[in-house]
């Protein structure tokens, strides 16, 4: 490994480290962000969902543009946009600016994630050096995701929530300097054309759906605004499918979904990310707003999830090679559902059960991600493997975005339906009760301003804080049950339709690909996990 190769590896690894760090670091800062801007559950959902939404809508087009215009160029664009977005997040004077800046971060992260590994692959043409470099690159990125919640908690406790964004500035500047000075350009002369119409329709469909799901509990599911957004999403999706089926250079090749194994693998991976990222959002809020933990302690409490993913992931590839993909997928889904059920029934008990539940969730995720990728990539022709991999990347981001939106909205809807009637046991005055319920729901905090709204002498029988905490716990339980139910549906479908004869480990997929393609091990958007990404040589 010469000096240029080493610095290329550092530049690409640090870029990926930044975007993976921000995938989870924001969660522990949400209560502080809420207090700064006085926003409700929907505002917090937008803060976390806008990042993954930006990635979801742009990741496939970013790969095409990078192949056409140069991967180094788009890596620089991605890092620059991500860094500028971080500055805007840190300086944000309102929740609207913060949400917009998070979306810009997501767009930059999409460009970084699809170009980083390609630049490493081009810098190390020799097979053994390439494998070693990718191992180091993967480790650097994994550190970002496994340490994100813990580092975020420490930063928030010491310097406030804005510091979690400012920490990206020196790293971004270093990555830009190293990339400009040492990273060589590469591109793909056979890349397909950029599908602008498909990209715009994809943004409209996904964006309208996420907006309707997040805002529905606040503005009403039958309101004109919600109905218009749902119809916009439906029409946008229909037009997108119609256009992509007729395009000679589609952004998303929908004919791949004719294969049952591939379609089921995509549905499974989307559902896993839906459940896990929604769970992480709700668990973080529970630990801080109900248990009263500080951000740093909350970050440490989340660590078993990330650690389990990091520990189990490297072992799964060998397991798939020996026993096939079907058993690890189904076992991983079972373990993930068991972890969610443990979280559902652990709120009133010891923190140890929460830690065990998070560890089971992490182990289940790690156990099923690699074999799902194996099933998907062995189900498609070799010449379409790049497109198949790109669709998987987009569906991961879409799953996490919808998870934030749906599970957060389930909690908000539960509180809207139950909190005010339950508060009648403690606050008999209907005006005070209504105002208190609205403030608790809007602040997403069961302890919010109780003393300032209801004087102690007006409280009867029950403590309103205790009632609100019980409703929050029940709302989180309902949301996690929704996540568990979606996983159960996918499990039953997998039991019926996942193939029984897929024994090809991710590292062996190169045997079935033409020499024009190289198969590399990339880090997914899940902490510590690895998956297969295919790059044109």
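All residue numbers here begin at 1 and follow the chain in the order shown.
The backbone N, Cα and C atoms fix where each Cβ goes, glycine too.
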Range annotated as transmembrane segment in Swiss-Prot, from 300-320, 426-446: 300-320
CB contact flag for the transmembrane segment (300-320) and the transmembrane segment (200-220), at least three pairs under 8 A: no
In contact by Cβ distance (the transmembrane segment (327-347), the transmembrane segment (104-124); 3 or more pairs under 8 Å): no
Cβ contacts the transmembrane segment (200-220)/the transmembrane segment (6-26), at least three under 8 Å, sequence gap 6 or more: no
Recorded stretches the transmembrane segment (327-347) and the transmembrane segment (262-282) touching, at least 3 CB pairs under 8 Å: yes
When counting Cβ pairs under 8 Å to the transmembrane segment (397-417), the leader among 46-66, 163-183, 223-243, 262-282, 352-372: 262-282
Distant-in-sequence neighbours of the transmembrane segment (223-243), which means Cβ under 8 A and at least six residues beyond its ends: 197-198, 201-202, 204-206, 208-209, 211-212, 215-216, 250, 254
Residue numbers, six or more beyond the limits of the transmembrane segment (46-66), whose CB comes under 8 Å of its CB atoms: 22-23, 26-27, 30, 33, 73-75, 78, 95, 98-100, 102-111, 113-115, 118, 187, 191-195, 199, 202-203, 206-207, 210, 214, 251-252, 277, 281, 390-391, 393-394, 397-398, 400-401, 404-405, 525
